[in-house]
Structure formats: C-alpha cells, structure tokens
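As recorded in TrEMBL:
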type	residues	note
DOMAIN	A:15-131	domain 'Response regulatory'
DOMAIN	A:146-211	domain 'HTH luxR-type'
MOD_RES	A:Asp66	4-aspartylphosphate
Protein chains: 2
Amino acid sequence: MSAQLEPVMDTAPVRVLLADDEHLIRGALAALLSFEDDLRVVAEAASGPEALAMARAHRPDVAVLDLEMPGADGVAVATSLRSELPDCRTMIVTGHGRPGHLKRALTAGVRGFVPKTVSAQRLAEVIRTVHAGGRYVDPELAADAISAGDSPLTARETQLLEFAADGAPIAEIAQRAALSPGTVRNYLSSAAAKLSAENRHAAVRIARSQGWL
Amino acid sequence: MSAQLEPVMDTAPVRVLLADDEHLIRGALAALLSFEDDLRVVAEAASGPEALAMARAHRPDVAVLDLEMPGADGVAVATSLRSELPDCRTMIVTGHGRPGHLKRALTAGVRGFVPKTVSAQRLAEVIRTVHAGGRYVDPELAADAISAGDSPLTARETQLLEFAADGAPIAEIAQRAALSPGTVRNYLSSAAAKLSAENRHAAVRIARSQGWL
DNA sequence: CAGTGCCGATGACATTTGTCATCGAGGCAT
DNA sequence: ATGCCTCGATGACAAATGTCATCGGCACTG
C-alpha cells in the first residue's frame with residue numbers, strides 16, 4: 001500500500017533487516033552483505049523489541065533474526081512480524097540449533113533457518129531464496145528435528161521443568177507454581193520417566209537439548 | 001624464515017590469525033578487518049587445534065581467539081601459543097563474558113579481552129593496542145571479575161561439580177571420579193555450602209555463572 | 001617438629017526426592 | 001446420564017541425598 005515510489009529496476013535490491021545482539025557480529029555481517037549488489041541492509045537492531053520497531057519503520061523485504069536476543073527471541077519477533085507486516089519474509093540465524101526451535105520457527109512462518117556455521121556466501125543465497133518466496137532449512141538441523149520428534153511432555157510437565165531448571169528444591173517449585181509439593185513431585189517424576197532421565201535435573205538437561213524447555 | 005619477500009612499508013601491516021567456530025562470524029569479521037589498511041588477516045581457524053596449527057604455519061603477530069570453540073577453548077590455545085610462539089600476542093573475543101574466564105585468560109598471558117558486543121572499530125583498535133604490547137580489557141567485564149573474586153572451591157570440589165553438571169546421580173559421579181560415594185557427597189555438600197546453594201545442582205548453576213566450572 | 005589444610009573414607013542420621021496406588025473434581029463426548 | 005479423560009492432591013514407602021562428626025594419610029610451611 002506504500003511501496004509504489006520505489007524506482008523499478010532490472011532487479012530491485014532486496015531490503016534486509018539485520019537483528020543480532022552482538023554488535024560485532026551484526027556490523028561485520030552488514031559489511032559482508034554489502035558486497036552483494038542485490039542485497040541492501042536498511043536497518044539493524046540489537047534486541048527483539050528494537051527489531052520490531054525497526055521493521056515497522058523501514059518495512060524490509062527480509063528480516064534476518066538471531067534466535068537468542070534479549071527482550072524477545074527471534075521466533076517471537078517473527079510471530080509478531082507475520083501479523084504486522086505480512087509482506088516481510090523472516091529467517092532465523094542461530095548459533096545452537098536445537099530441534100524444537102526449528103519447529104517453533106516454522107510454525108511461526110519463518111522461511112529460512114540456518115546455523116552460524118554456514119558461509120556468508122550461503123547466507124546471501126538463502127536471503128535471496130527467502131525473498132523469492134522459497135524456503136531453506138539447514139539439512140543437518142532438519143534431520144535432527146525430524147528424528148527428534150515432538151515433545152512428549154504435557155504443558156504442566158514442561159512448565160514445572162522450567163521452574164526446576166535452576167536446581168531449586170521441590171518446595172520452592174511448588175510455591176512458584178502454586179501447587180502442592182506432592183503434585184509437583186508427581187509431574188516431575190512423570191516428565192523424567194518420559195525423557196528416560198534418572199532424575200528431574202537430568203530431565204531438564206535433556207529437554208533443553210531438544211529445545212523443549 | 002620465509003616472510004622476507006614482503007615489501008617493508010612505512011608501518012608494516014599487523015598479521016592477524018582469526019579463530020572462531022562459526023564460519024559466518026569468522027568470514028564476516030575477516031571481511032570487516034580487511035577494511036583496515038594496517039591489519040591483515042593471514043589465517044583463519046574453526047577449532048582450537050586448527051588455530052594452533054595455523055599459528056605454527058603462519059606465525060601471526062596477533063591471534064584473535066573465540067572463547068568457546070570445539071577441541072580446545074580460547075584460553076587453552078592462548079596457553080599453548082605462549083610457550084610455542086612467544087612473539088605472538090593473543091586476545092580473546094567472547095559472547096558470554098564470565099568473570100572466571102577473564103582471570104584464566106589473563107594468567108594465560110592473554111593481552112586483550114572483549115565481548116562480542118563491541119563495535120568493529122573498537123576491535124580493530126584493540127588489535128592494534130595488543131600488537132603494540134599494550135593490554136585492553138572490557139571495563140564492564142573487568143568490574144565483574146573484580147567484584148566476583150576468586151573461586152572458593154578446591155580442585156576436587158570443582159572437578160566433582162563438573163561431573164555433577166549433567167544431573168547424574170551420586171553413584172555415577174563416584175564411578176567416573178573413581179571415588180567412594182560418601183566422599184563424593186561430602187565434597188559436593190561442601191561445595192554447595194561454599195556457594196550458598198541449596199543443593200549440588202543449584203551449585204553447578206552458580207559456579208557456571210561465575211566461570212568457575 | 002608442630003600446625004595447618006586438603007584429600008579420601010566411613011558411619012549415622014535427617015531430609016529430600018522418586019515411585020506408586022488411589023481419590024475427587026471438573027470437562028467433554030456419546 | 002454415563003463413561004472417559006486430565007488435573008491436582010494425598011499417603012505410604014523406598015531410595016537418594018545432604019549433613020555432621022570423625023579418622024588417617026600426606027604435603028606444605030612456619
């Protein structure tokens with residue numbers, strides 16, 4: 001409803017938003033992408049909320065979002081963008097690619113998902129692919145996600161595992177969750193059993209590694 | 001023994017080794033540093049051992065090492081470099097700057113320590129400072145390190161906390177450490193007391209956050 | 001040499017945690 | 001309404017864990 005002033009070129013440059021909380025990485029990435037004639041970084045952000053604000057202001061074609069950011073993580077930002085700016089494609093770049101994250105991202109409408117171990121060349125390619133309406137998911141991460149399957153945990157089990165994540169004793173977890181200590185033990189026991197863990201702490205580790213936390 | 005063909009300039013460029021396991025970051029960083037006339041990235045590495053090998057082969061003036069790398073972390077690499085290539089200055093770049101890491105790094109002879117939230121401009125400055133024989137430590141990290149103090153844990157306590165880090169039961173820890181289960185409980189209990197933790201799992205978290213792990 | 005501190009172990013004891021069977025309240029579908 | 005399910009709770013019991021006192025060996029240090 002407003003992009004009609006852009007001069008139509010042979011191939012118009014792709015307007016990119018870059019969001020990563022690490023200044024160094026973000027700047028370096030911007031510099032690197034500037035080598036690509038058909039890509040133009042039009043905005044940068046260091047946090048989830050800032051990424052949203054920049055997206056509203058600059059209306060990029062593609063938003064490249066780091067998964068781990070303060071304020072709101074990449075998937076949360078992608079979810080908001082999907083409703084606010086449906087024409088803006090989103091993609092996620094991440095250091096640690098856990099299977100669960102990929103699933104959350106895809107259901108949030110994210111079209112690209114790559115680890116930070118890829119080359120800049122490939123990142124540029126993926127940006128182009130995503131902008132053209134295609135999708136790209138790192139093959140290794142995809143394989144992990146498929147073989148991992150869905151979380152077997154119920155909502156309460158997941159919630160209580162989160163409360164247990166910092167090693168707090170049962171009594172404290174019960175307080176924070178406003179549940180009876182016995183109930184807490186039951187749910188955590190069942191969660192540990194589902195994850196084949198020897199106790200709740202190991203269960204937390206396993207759930208974390210799968211991105212189910 | 002082989003660099004005599006380089007034309008001697010007014011100020012010879014600083015030869016830099018870049019080590020980071022994330023391809024994207026490493027490449028982008030290299031591209032960015034290439035804008036600085038007086039800096040030259042002569043080698044890149046994606047792991048600790050590879051960084052060592054590249055350093056031996058290219059004998060850089062400054063080694064810029066990521067703290068978290070597979071094989072051997074940045075501090076370990078710095079320690080090896082100190083004895084093998086005393087003329088090579090080392091510096092650490094890290095995402096999460098825990099107080100303990102900084103201390104370990106400084107005792108390993110590292111001359112620069114910066115988080116990834118700094119600008120590329122500053123990174124370049126720090127590289128120059130380090131090359132000139134100076135030191136630079138991020139002020140915020142330095143403050144954290146000073147206020148945090150040293151680890152109150154003994155060697156065994158630290159070791160057992162590491163074994164306990166994945167939530168394993170006491171029996172398993174005892175086996176892995178080749179100790180009696182009772183002894184393990186004693187050490188972990190004492191470690192938890194020193195850290196004011198309610199149990200060993202919370203103690204692990206606290207020790208981790210301080211870089212004492 | 002005596003003192004100190006860490007290491008490794010043992011035993012006893014209280015507490016926490018894991019496991020299981022069971023129960024009642026409510027939602028939902030046939 | 002009846003059955004079926006999940007949630008939340010309780011009680012009982014076993015197992016794991018935390019805590020404490022104590023011991024001997026060893027290394028370092030004054």
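Residue numbers in this text run from 1 along the chain shown.
Yeah, the Cβs are placed from backbone N, Cα and C, and that goes for glycine too.
The number of other Cβ atoms within 10 Å of the Cβ belonging to A:Asp66 (4-aspartylphosphate), over all protein chains shown, comes to 26. On the 0 to 100 pLDDT scale, the domain 'HTH luxR-type' (A:146-211) averages 91 in the predicted structure. According to DSSP, the domain 'Response regulatory' (A:15-131) comprises 54 helix, 27 strand, 36 coil.
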